[in-house]
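TrEMBL lists A:75-147 with the feature domain 'Cyanate lyase C-terminal'. What TrEMBL lists as active site is A:ARG88, A:GLU91, A:SER114.
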There are 10 protein chains.
Amino acid sequence: MSRIDVTEKIITTKVAKGLKWADVAARVGQSKEWTTAACLGQMTLTAEQAGIVGEIFGLTPDEQRWLTVVPYKGSLPTSVPTDPLIYRFYELINVYGTTFKELIHEEFGDGIMSAIDFKMDLQREPHPAGDRVSITMSGKFLPYKTY
Amino acid sequence: MSRIDVTEKIITTKVAKGLKWADVAARVGQSKEWTTAACLGQMTLTAEQAGIVGEIFGLTPDEQRWLTVVPYKGSLPTSVPTDPLIYRFYELINVYGTTFKELIHEEFGDGIMSAIDFKMDLQREPHPAGDRVSITMSGKFLPYKTY
Amino acid sequence: MSRIDVTEKIITTKVAKGLKWADVAARVGQSKEWTTAACLGQMTLTAEQAGIVGEIFGLTPDEQRWLTVVPYKGSLPTSVPTDPLIYRFYELINVYGTTFKELIHEEFGDGIMSAIDFKMDLQREPHPAGDRVSITMSGKFLPYKTY
Amino acid sequence: MSRIDVTEKIITTKVAKGLKWADVAARVGQSKEWTTAACLGQMTLTAEQAGIVGEIFGLTPDEQRWLTVVPYKGSLPTSVPTDPLIYRFYELINVYGTTFKELIHEEFGDGIMSAIDFKMDLQREPHPAGDRVSITMSGKFLPYKTY
Amino acid sequence: MSRIDVTEKIITTKVAKGLKWADVAARVGQSKEWTTAACLGQMTLTAEQAGIVGEIFGLTPDEQRWLTVVPYKGSLPTSVPTDPLIYRFYELINVYGTTFKELIHEEFGDGIMSAIDFKMDLQREPHPAGDRVSITMSGKFLPYKTY
Amino acid sequence: MSRIDVTEKIITTKVAKGLKWADVAARVGQSKEWTTAACLGQMTLTAEQAGIVGEIFGLTPDEQRWLTVVPYKGSLPTSVPTDPLIYRFYELINVYGTTFKELIHEEFGDGIMSAIDFKMDLQREPHPAGDRVSITMSGKFLPYKTY
Amino acid sequence: MSRIDVTEKIITTKVAKGLKWADVAARVGQSKEWTTAACLGQMTLTAEQAGIVGEIFGLTPDEQRWLTVVPYKGSLPTSVPTDPLIYRFYELINVYGTTFKELIHEEFGDGIMSAIDFKMDLQREPHPAGDRVSITMSGKFLPYKTY
Amino acid sequence: MSRIDVTEKIITTKVAKGLKWADVAARVGQSKEWTTAACLGQMTLTAEQAGIVGEIFGLTPDEQRWLTVVPYKGSLPTSVPTDPLIYRFYELINVYGTTFKELIHEEFGDGIMSAIDFKMDLQREPHPAGDRVSITMSGKFLPYKTY
Amino acid sequence: MSRIDVTEKIITTKVAKGLKWADVAARVGQSKEWTTAACLGQMTLTAEQAGIVGEIFGLTPDEQRWLTVVPYKGSLPTSVPTDPLIYRFYELINVYGTTFKELIHEEFGDGIMSAIDFKMDLQREPHPAGDRVSITMSGKFLPYKTY
Amino acid sequence: MSRIDVTEKIITTKVAKGLKWADVAARVGQSKEWTTAACLGQMTLTAEQAGIVGEIFGLTPDEQRWLTVVPYKGSLPTSVPTDPLIYRFYELINVYGTTFKELIHEEFGDGIMSAIDFKMDLQREPHPAGDRVSITMSGKFLPYKTY
């Protein structure tokens, strides 16, 4: 058994039962972004959180225990994603990557935006010409230091 | 001559003169995000915008004309970026890519967030434990249609 | 269970029963192009469409439900396709890609042809020197905007 | 000197003089699709065509002669294109590739659509919800034969 | 079930029964080159041919039907083959590829040798210093046309 | 200076002077296949052959000397060739590679067709439905031996 | 069933029984180098050799027959090997590859060292500062010929 | 200036002057294998050795100094070599890699053959059926240790 | 059965029983670094060590025997790791690789730090601004020698 | 001009003048590790530090200014390094990567060792059996947080 098996069971059960991530997140008591990533095998749950998720998706105690083990992260099957929705984010990095770099360095100096001390929020933004997806990312700036 | 030559001249001049993208953007009259991407060879300028940029960076009329030609986009030298700052964004897609997909589909159905009808805003978010980088992305949702 | 399992079952059943995509499409009430892509795991069906497809291919209710879940798209096993028929399309992009780019930009300015708000039609074009395959693609032009 | 050098000179001159492919094609007396591909180094010109193109772009006799030499084809710098406009066509093959294959085989049997005995036409398709790019491709069907 | 399963069954049976491709071909009534390629999952058989092959290799009616479905072609597990015999052919393309190109263009002008309207013949060529493999390939020349 | 420089000079001169490989081969006294490969930097010439080639293409003594040095072979810029003519040969290996393997082993046992002790002949094969390219390859069979 | 299955059975049995390749080779009557390669799926055995190997590893008649079929060669899972022992050999080619090339050409002219008409011998070389691995390779020189 | 420039100058001079590696090695006082690798930019020379090599190839003092700097090693342009002679060595690793591994471990236990504390000797081995290339490699065995 | 199967059983059992590597190491009598690598399929155990590990994880005698066989090393599924923790080490090599090279050569001359005669120690380093991971690596310097 | 040009000038000057990184670091007043990385184009210098480095290596004011611009990081030409010294570090990640992951998670929970808030120290460790390279890395542990 591995975390991947547990992730597949969660996804299969979600489709069979017609569950929603937002509802799962409400029961877990975390944001829908973090909860979805955790159920998809990218984050580590506490024993209590694993118990709630286990109840929702009918996981055995062993399967729940896997949710509390730090997973080998990375959710995509290829280094350049083929799925159109996910590719658009990859394209944004290709087109705007050097822009991100220039503007963060102009504002903060040498360093990075943390992808660990990080949170995000995804919302529908109503718009007369067609609703928009709005994503706000917030990551701590980590400066390079001399030594 | 090519757009890449013009981009290199812009970057070289920026370092030599110690310019700031925010100031360039103010003179161009667009956001700093769009202006930086344009100066880095990813966006197309109007003749007027090209004139302003040309004046700032000392571009010849031919070089300014290149700014008005649609560029071959993509600003990164490798498919998996090696620069730590840019890699962190790639990592976010690797870890959160399937989460983006699940949540956008849960909210909107099948389709994508446009990377074309798209804008973003990058700000410093003051925080007692260390300031944070805050990025807000907004892209129109484009639904797949049956036919 | 996953969408891939459902796709394989559909293909296996199609061979065993000797079905035609055009007939499947007629029963689903959509074009043969969209219907084939949907049955091959690239599009999302409504519950009603899934019911019809399920009846044709003998799918269980759970399998039908998978047809209504947005799939992870991308139908090819390698980034450069090995199948001669599919490779010819890849070759067209290699040979004509920059031509597509130049002519679309000459006509519309900076932007793209949408691959989402998109439809296509594939027909036999009779010809004395040998019949031809005729494919008409129609995608909405999406302009880049400044901000 | 190589064909690539000639292509670069043509592109540089086109930007400097503000020429249009449609006008070049009219003078060459071929479609804008073929003419653009030829000027971008993908097709072979007759001596007469090379003379016209040479006059438009100010090419030397040696440079014109290169236009009449069959080029090493392939116009893209990477196997998966990074430019958003060109990538959309690659995505179409990824999503619809197996659909192309199924429908062509259903209509014609085993074989391919020729990418050599091939022509295409790219037009603006006016539409109230935003104009569309319409591309019609026509390639001879070539059947596999037994022997 | 898929064509790959049928191919594997054919190969397994061939080893178990100690069959020869030349004998299979004689019964199918086609060349040994085409017949082998077809049994290895690269060509499409008629129902009658599939019946003969099915009898030889003990295939079920469903497995025979798969032989009449156009396969996803490409028989090698890696883009650069590791098997020494097959690699030698890849090496020939690497060393002689540009020579093929120059000589075919010198003789025929711009175009290709068809890999579809194609046949080949493989024979032992006796030689005092060691017998030789002789392969004759014949493919229709397909010219690029202007339009 | 390197062999690549000499190859480029030969190609440039050939275009400028409008030479034919068949004529070059006649003067060198070897087949057009070997001579073309040699001029394209894949074979090693004797001093005498280098002198003839040098006279034809106007090479300096140093450049002629490079023709007598064993080159680093491999004439293609990418592992999967993008040029349609050359790709067709790669496709033949992909489709027929396992067929070559089976038939050569059936005839000769374990071993390979040499790509070194090898010659080939490329001819136009007149045909009422369109002329064909005929290529005959002959390579010594090299058996694996036990030890 | 495939040769890979037979190889895996041989390896599993070897571990379970604690056999040594040198002893297997002694019974087969060939060198330990050739015998090991053969048992690992890289060489073809005679029926008699297959019988001996089959007896040692408890193979069925069908499994023994697979040993007499020419295998698809190549024993490594990745093009750049990850195992440190095997990587060192790859590194030697990277560092010394051009040296091999220069010295063999200096001694023999244009051609290659055969990897088919090839044998090798691997021995422990006692040394006060630590024993050494000594490998002697012997491959027939195959000259390129003109034609 | 870089080591690569010096290597290119050495190679160019060697061709122009018609030098032999064996003669260079004799003057340097090291084996032809080590000397060739060093001249090709893979090994580090002492100041004295650099002086001798500098004299032979007409290197400036600065160029000689580069020979005494440890180079970035790796002499091949692609991870799978295209040159037939060098590829044969790569093929040997592909076919015999697991055999090397098994036999070295059987003789020595877990560890590697050093590619650093390593030497080799390349000789012509006369043979009535055609001379052979004989290469003897000797590398110290380095055992993995527990800690 | 293979070493990979044994590794998977160890990992599955560790999660099910909630074991700690430090405790396993204490019972094996080796460092936690070496013991973890060994249990993850990268090192070879003595029969005695295998017995202890077998007892802890409930391995059969055959499974224990696999622990004493030298494994095919390399623990990562992709050449550029996707897991953020492991990627950070890859990034360090990308950013600091040439620095490692310069400083080791400055101190020791040409050669390498052995990855075989190597040990490491990983500790928590308490720090008021947040605890740190401290890793000390020690590898024997192996000099390149002339010959 | 770019940072890469400045890096190359620094390296060329270092060889020509025979400088040592340790001496450069002493004058800059930082560790030899950080100073070397900075001079090799991986770190950002203050104006003052750039002045000192500029004086040592004879850089123009413009070149010194480039040292104060945040560089595009990544110092290796290939994703799997070919240089033996640098490869050994890559091999350590391949062999020990999952061990790093297990032990850091066992000690700290889910998170990473920062490669930004990071320092390292490289020393010679005298040893009777041959001196050793000792590297101590210290990176802040960054925990993943829920939100």
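Placement of Cβ uses the backbone N, Cα and C atoms for every residue, glycine included.
Structural mapping of features recorded in TrEMBL.
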residue	record	contacts (Cβ under 8 Å, 6+ apart)
A:ARG88	active site	none
A:GLU91	active site	none
A:SER114	active site	A:GLY139, A:LYS140, A:PHE141, A:LEU142
Short-range active-site residues relative to chain J, from A:ARG88, A:GLU91, A:SER114, with Cβ separation under 8 Å: A:SER114
Candidates from A:ARG88, A:GLU91, A:SER114 close to chain D, where active-site residues are judged by Cβ under 8 Å: A:GLU91
Average pLDDT across the domain 'Cyanate lyase C-terminal' (A:75-147), rounded to a whole number: 96
Secondary structure composition of the domain 'Cyanate lyase C-terminal' (A:75-147) [DSSP: H/G/I, E/B, coil]: 25 helix, 27 strand, 21 coil
A:ARG88, A:GLU91, A:SER114: the active-site residues whose Cβ falls under 8 Å from a chain H Cβ: none
